[in-house]
Amino acid sequence: MEVKDILKTVDHTLLATTATWPEIQTILDDAMAYETASACIPASYVKKAAEYVSGKLAICTVIGFPNGYSTTAAKVFECQDAIQNGADEIDMVINLTDVKNGDFDTVEEEIRQIKAKCQDHILKVIVETCQLTKEELIELCGVVTRSGADFIKTSTGFSTAGATFEDVEVMAKYVGEGVKIKAAGGISSLEDAKTFIALGASRLGTSRIIKIVKNEATKTDSY
């Protein structure tokens, strides 16, 4: 797999709580230059970013982030607001307290409501795999499939661990037809990126891949 093909799967991400506009601009510029799938940024920057890229790049943002336990009504509003401001893709965090209470019907209904607001915009559902048992992850693969979401996503990158090969393998086995997989959090090498893609991920959430590509290009130029 060529580097350009990996880059096409990347949601180039900056979600740091202290992210400044110049830093966001760099993310947007790099994402456009390297033709990534999108740039994933905080909701407060979506409107400005959408104006800045002027249709040349998909803008992704997050809702219910990073803990997921805001109310469904709050998440629905966040989704609507983000789309009105120019977001093309929404990454939502599920309420893990519902999962731990075994209330998967509530999780599914919340996703359905948010997908209804998204309409044709892409919705990715973050399940925070590091907090789940294997049985919970398998159940959530069914929940996400039935809800009509476009992607199931491993991680926020703000919890105890990010994506693992094992979790993506489980997702690929149990998620329904038409639902894609996004691996996110801790993807720090091109080899890891290739492995996640080979296991079934069609999107990668990472802030590091472009930096790695730039460093490799610098090494090559210095020879």
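Yeah, the Cβs are placed from backbone N, Cα and C, and that goes for glycine too.
Around the Cβ of Asp91 (active site, proton donor/acceptor), a 10 Å sphere holds 28 further Cβ atoms from the protein chains shown. Annotated active site, proton donor/acceptor per Swiss-Prot: Asp91 (among others), in sequence order.
Counting every protein chain shown, the Cβ of Lys153 (active site, schiff-base intermediate with acetaldehyde) has 30 other Cβ atoms within 10 Å. For Lys153, the entry in Swiss-Prot reads active site, schiff-base intermediate with acetaldehyde.
Listed in sequence order, Asp11, Asp91, Lys124, Phe151, Ile152, Lys153, Thr154, Ala201, Ser202, Arg203, Leu204, Gly205 are the same-chain residues at least 6 apart in sequence whose CB falls under 8 Å from the CB of Lys182 (active site, proton donor/acceptor). Feature annotation from Swiss-Prot assigns active site, proton donor/acceptor to Lys182 (among others).
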